[in-house]
Amino acid sequence: MASAPSVTSLADEVNCPICQGTLREPVTIDCGHNFCRGCLTRYCEIPGPESEESLSCPLCKEPFRPGSFRPNWQLANVVENIERLQLASTRGLEVEDACPEHGEKIYFFCEEDEAQLCVVCRETGQHGAHTVRFLEDAAGPYREQIQKCLVCLRKEREEIQETQSRENKRIQVLLTQVATKRQQVISQFAHLSQFLQQQQTALLAQLEGLDGDILKQQEEFDSLATGEICRFSTLIEELEEKNKRTARGLLTDIRSTLIRCETRKCRKPEAISPELGQRIRDFPQQAIPLRQEMKTFLEKLCFELDYEPAHISLDPQTSHPKLLLSEDHRRARFSYKWQNSPDTPQRFDRVTCVLAQCGFTGGRHTWMVNVDLAHGGSCTVGVVREDVRRKGELRLRPEEGIWAVRLAWGFVSALGSFPTRLALEEQPRKVQVSLDYEVGWITFVNAVTQEHIYTFTASFTQKIFPLFGLWGRGSSFSLSCQEGAVSLL
């Protein structure tokens, strides 16, 4: 059996040039072209410049006489066979392009009624005064409208997709932040639980010691008191027995007896020694470290939940040529050898500094810096305004839009209007920098000992970037994730 495409191709070969439908009662004119009898008859009835004796072929424009066309029975049989093939190839399937009223193939479209028409529908009076066009011609303007709609819809779809992608990324960031805060809460409470357990054990041990000392002194007191009671009981019994005697018996050795009574000193032992009593009174002082630790815990927990860890990396476009950056842009080392770096407007050319790639325009952020200084080296840590000068000499001070501290070999300085050397208990090797943009605080803390280093107060109106500086062969620094250091704001 012929396939559907081949049958369709055959059917196209037996279409009427006038109605574009399958030939009905095909007739042939003088030039040899074939038409539907009805189509050709109506064509001949159309008034025109041609004479009634001669008309021109609708296809080749060759003249023919109106009454000269003759039936083409052979072609009619071919059309009939092709229609049988079409019916066989589409049996069991709904013919979508057939007129439901007349069963004819649909070729036309009525603009006013928005109806699809076959040849018979077109010839009826219902659509006679309407604009009727071939399907493809009518579909053209609608295709253009569809294309315009598609452009708008695709653009809106892309915007929605971009919004979805952006919001999903934001959600992932928020989920990461929640997971980080959850871990911080678990970590801090685990630390607190361990500390409380240790404190409980220590305090209970001290109470156990006090309890043992009290029982020991009670035993000693009871022993001493019992001895005194026995001695007094013996003397009382002796006096009572002597008092029962006759006058002669009473007066015998009376002086010696009375002297023993009068010279007898009553020892009144103390149940609790003053030293033990003082230890009991001083016991509440043992809870002072616990109170301090609880205060530190609350400060630490509130800080970690309030400040967002800033996962920053170094910007190679701003790095001074003497700074060697690692591939992950999280470490830097000083070198006297200049790197072959392009002299861009963003790069520092005098001060050996580098900025972070991302800055802040609001919020609370914190980051860690590990410092490894060689002898005579120094490291500068802080923040700068976005418009900080990159070329020429630059004094690191707030007037220049720089708030930083310098860690040198053996001392630390706050780089204010005039550098101030700070008195610290320990030289920091790991510094936590905390930025509160809205309040205007930049705080530096020794991340190991929790010792407060320095706090700047400023008013920010521009984007703020983390700043790092190095000097001295062998000196280096690296950025690390926050590990729960607390800032004493």
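Each Cβ is built from the backbone N, Cα and C atoms, and glycine gets one as well.
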Among ranges 94-135, 346-387, whichever one Swiss-Prot labels zinc finger: 94-135
Swiss-Prot annotation of zinc finger - which of the ranges 16-61, 430-475 it falls on: 16-61
Coiled coil per Swiss-Prot - which of 144-180, 218-254, 255-291: 144-180
Beyond the flanks of the zinc finger (94-135) by 6 or more, those residues with Cβ under 8 Å of it: 19-22
Neighbour-count leader, CB within 10 A, binding-site residues: C99, C121: C121
Winner by Cβ contact number (other Cβ atoms within 10 Å) across the binding-site residues H102, H127: H127
Mean predicted confidence [pLDDT] for the zinc finger (16-61): 81
Helix, strand and coil totals (DSSP H, G, I; E, B; other) for the zinc finger (94-135): 9 helix, 11 strand, 22 coil
Counts of helix, strand and coil residues, the zinc finger (16-61), according to DSSP: 9 helix, 9 strand, 28 coil
